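Q: Attaching a single structure in C-alpha cells format; questions to follow.
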Amino acid sequence: MGRAVGIDLGTTNSVVSVLEGGEATVIANSEGSRTTPSVVAFAKNGEILVGQSAKNQAVTNVDRTIRSVKRHIGTDWTIDIDDKKYTPQEISARTLMKLKRDAEAYLGEDVTDAVITVPAYFEDSQRQATKEAGQIAGLNVLRIVNEPTAAALAYGLEKGEQEQTILVFDLGGGTFDVSLLEIGDGVVEVMATAGDNALGGDDWDQRIVDWLVDKFKASQGVDLTKDKRAVQRLREAAEKAKIELSSSQSANINLPYITVDSEKNPLFLDETLSRTEFQKITQDLLDRTKTPFNQVIKDAGLSLSEVDHVVLVGGSTRMPAVSDLVKEMTGKDPNKGVNPDEVVAVGAALQAGVLRGEVKDVLLLDVTPLSLGIETKGGVMTKLIERNTTIPTKKSETFTTADDNQPSVQIQVYQGEREMASANKLLGSFELGGIAPAPRGVPQIEVTFDIDANGIVSVSAKDKATGKENTIKIQDGSGLSQEEIDRMVKDAEAHAEEDKKRREEQETRNQAESTSYQTRKFMDENSDKLPEDLKTRVTEAADAVDEALKGDDIEAIKSAVEKLGTESQELGKALYEAQAAEAGAEGAAAGEAAGDPNVVDAEVVDEDDENKEK
C-alpha cells in the first residue's frame, strides 16, 4: 500500500504534507518551494507546465495559461485549448499530479491516497468535482475535509487535551470561510460555519489592477484592458504590490513598455500605491467578511468572550487590514504561531493519518454548510437537513401527491437557505414513477437525504405502498460520469508519459550540447599536444552531433553522441602519451646534465659532524 498525503488545493497556491513519525511535514516541490502556484499552462510545443514554470510564462502565453480555476470547479465552465475542451476537474488534476509527483520524489515511495481540503462553504457539486479531480490525478481520495476544520485540527492537537473553542478565519486566494469549533480530548467538532465562495485575495488584486487601469487611462488616454498581455503584467504587479503593502506603507509599481500608443511609441506605467489608498479601494471587500462572521457567532449560540483562540488561515490574512478587523470583531489578538499558508495541508495530513490508523484517538466531526431540501407545492423549499448539521447524517421525511391519481413524482433537490426553492441552488432532480392510482394526499412517498463524511449528498425516494424506490447520487450539469473520469484518468496518464518522454528528450539534447562543447573546449586547450588526424576525426564527430541536434531524431542524436564519446576517449589517450613523452624527454635532458664535466657535484656536510671536527 502506498503513502497517504494531505493536500490543500488552493485557488492561487497549493500545498502537500505527509505524516512522518506521527508529525506532519510540509513537502517542498521540485523547485524547492513549500507552496506550488495553482497555475497550469499549455506550452506551444505541446508540453503542459504546472506551478511556478507555468506562472513564469503567463505574460507570453496568456490564452493558454489557466489560473484560479478553483473558482470554476463544480460549474460547467470549460476552456478550449487546441480544439479540446478542458473542465476545471482536469485542470485541477494537473496541479494535484505535480503535488503527487513531488511527494513521491521526496518520500521515494508511491503516493496512492490523499485527503483533499475544500472551503467549508463549498456546495455539493464543488465537493464532488474536487473528488473527481483527485481521481483523475490517480489518487484515491480518502476524504474531502473543510479547510477551517483541517486548520483547527492542526492547531488544536498541538494544544493538548484541554477543551477550547477556536474561531478560524480563512481568507484564501478565491474563497472565504469562518468556522467555530470545539476541540478537546481528541475530538474536533465544528459548531457552525459560514462563508463566501466568491471572495478572496484575487479580488484585492483586481482592485489594484482596476486602479492602475484608471490611472493609466487618465494620464495616457489608453485602455490597458484591451491588451491581454498588459492585463497579465498588471495582475502580476498587483499581486506583488499587495504583498509588499503588508509590510510597507507604499509600493511602487513600475512597468516599462506596458503598451504602445497609436503611433507605436512605447508607453511606461509608473505609479505609487499607498497602504491607505489600497485599504480605501478594498474596504467594501473587507466589509463582506463581517456577515459570515456574525452569522457563525449567531448559529453557534456563543458570545465572543467564550472564544479561546482566533486562528488566521490563508495568505490573504497577512494583509494588516484583515488582521486588524479580526481583532476588532473578536476582541482578541489572532494567534501568530500558525503558518497561514501551510496549516490546512498539515491538518489534512493528520486526517489522512487518522483514516489510515496512523493517528489514534482523534475524531473529526464536520458539518454541512448549507441546508438541504426538496421543492414542494407552491415552489416552497422544504428543508430536510438544516445547515451546520454534523456529518455524516441521514434524514427521512414522508410526502404525498398533489393531484388525484398522480402516477409519478418529480423530486427536485436544492441546497441553500432561501424560503423559495428557485432562489436556492438546484443540485439535481429525479423521478419516482409507478405510484398506484389514489386520491391526492393518500400515497406516502418517503424521501431520504444521506450526506457522507465528504459532504457529498445522495437522495432516495420510496413509495411505501408499492416498495418502488429510486435513488440519485447528486451530480448536476458539472458532474462527470465514471466513464468520463476514467477517460480523463487515461488522458492524464498519457500526458504524464508524454511529459516524461519530452523531459528525457530534452535531457538527451542538453547532454549532447554539453558533450560537443566540452570536447571542443578540451581540444582547444590541448591543441599542441594532439595529433592533427585525431583532431580532425573528433571535430567531424562533434560536427555530426551539432547537425543531429538541428533535427528531431533523438536516436540519431544518441548515436552521434556515442560516436563522439568513442573518439573522445582517443583524445585522453593521446594526451597521456604526449605527457609521457614530454616527461621522458625531460628525464633524458637531466641525464645528459649529470655527465657534463663542467657540473661540480656538491658535497653534503652534516653540521654536527663539522662542529665535532673543529
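The backbone N, Cα and C atoms fix where each Cβ goes, and this holds for glycine too.
The structure displayed is predicted, hence computed values, not measured ones.
Reproduced below are the annotations present in Swiss-Prot:
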| type | residues | note |
| --- | --- | --- |
| MOD_RES | Thr175 | phosphothreonine |
| REGION | 491-528 | region 'Disordered' |
| COMPBIAS | 491-510 | compositional bias 'Basic and acidic residues' |
| REGION | 581-614 | region 'Disordered' |
| COMPBIAS | 581-602 | compositional bias 'Low complexity' |
| COMPBIAS | 603-614 | compositional bias 'Acidic residues' |
Q: Would you count the other CB atoms within 10 A of the CB of Thr175 (phosphothreonine), including those on all shown protein chains?
A: 28
Q: Please work out the helix, strand and coil residue numbers for the compositional bias 'Basic and acidic residues' (491-510) from the DSSP assignment.
A: 20 helix, 0 strand, 0 coil
Q: According to DSSP, does Thr175 (phosphothreonine) fall in a helix, a strand, or coil?
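A: In the DSSP reduction, Thr175 (phosphothreonine) maps to coil.
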